[in-house]
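Copied over from TrEMBL, here are the features:
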ACT_SITE  B:18  active site
ACT_SITE  B:45  active site
ACT_SITE  B:138  active site
DOMAIN    B:6-186  domain 'CheB-type methylesterase'
Ligand SMILES: C[S@@+](CC[C@H](N)C(=O)[O-])C[C@H]1O[C@@H](n2cnc3c(N)ncnc32)[C@H](O)[C@@H]1O
């Protein structure tokens, strides 16, 4: 990608439009990241001027959808960071198993790979029958994909390797049915999932959970926004509940750190007060 | 395009490398000055399995602090930051670092272009970029951005590089101010830290 076609002030103008017209607030996202995403889209979609770009976002609701999907990063995979999933199996699920009913929240679930991975873990721990997985994202397009449970066959080799390094002992392919270049995950998983849009910037707590996963979302937020989202998670977590972050994210410097304890070297914390 | 002499030293040095650059870095580290007046960011293409042991390895070669870059941390002078495996590393205008797990760029994550371009933008040209050995085109456009922003650019002499392709890509764009042999790289960085040095493009 070539240099910046759009200036900082252009990006600010667009983000203000988005907030005023549609209530999407990206103004507290990491600046360099968001500027790069906006520039990338401007070049990818071959706009000739900033004015044209701005007009299209304001006037074309379909393009707005594309804009939101493209400036957020939705890259994900199943059993991403296998040691993390291994730690869930060994250190978190046994505790969750002691509850009569398990509620889990995947905040920023993207197209659902993380949620299906979790459902597989729960089934292998014999807990799926009493679990409910709430999976939310700002982005309705990725949620549509997640709801269908259809993924590309081409990725399955990598995912089943990840599954095995996470401590999986079964044949990963038994969890889905392949059809041409796609696979569909078994209905019994989807029956335990509830998908819904939820914006971590502006929406409130909607339930209390024993485990919240928010992985690779906070890296896109600036410090102040991270602080508010941590408060939201604390409010949405039962006492002794678990909070799991992405491998490069930390609670360490946050305002809620004192009331959480990291359980092992993976990015999993437990609410202790 | 004569570059004006530097009134102030650069505020950041970014170094990018791919295949064949690990050895170059290991040779560059010991002679580096112990009181560099700016932070150094190193972006290397590597297998994710390598992981954090790389910063430990580097730390054995220098008394400067070497650490893997953490998201939202402030850049500090005299510290060497290593881009973590499998994330892009971006420099923010407030001189903090952001990580980003977006699509690979030039088949690479971390991508040298991403760090070089955001650094050039954040530092408004008050930086130097060095591109080392590699078999990939990553970094050349980033070096171009640094160059157009008014920064200082250097590339490893392709003749001394295990993989000359990467420095050659930058040379083909005519954006390289200095061509350096392996043993000259540390000297070059030390000179950048010396405010009395005046740099001109050739
Ligand atoms: C990189 S993906 C992470 C997916 C998955 N958790 C993982 O780690 O693989 C980041 C997701 O965060 C979502 N996101 C970004 N901003 C958000 C917000 N304000 N509220 C909710 N989700 C958001 C994006 O739409 C995207 O799907």
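In case you wondered, yes, glycine gets a Cβ from its N, Cα and C as well.
Automated prediction, rather than curation, is the source of TrEMBL annotations.
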C-beta crowding around residue B:45 (active site), within 10 angstroms: 25
Other CB atoms, at most 10 A from the CB of residue B:138 (active site): 27
Pairwise CA distance, residue B:138 (active site) versus residue B:45 (active site), rounded so that it is a whole Å: 10
Separation of alpha carbons, residue B:18 (active site) and residue B:45 (active site) (Å): 5
For residue B:18 (active site), the number of other Cβ atoms found within 10 Å of its own Cβ: 25
PLDDT averaged over the residues of the domain 'CheB-type methylesterase' (B:6-186): 94
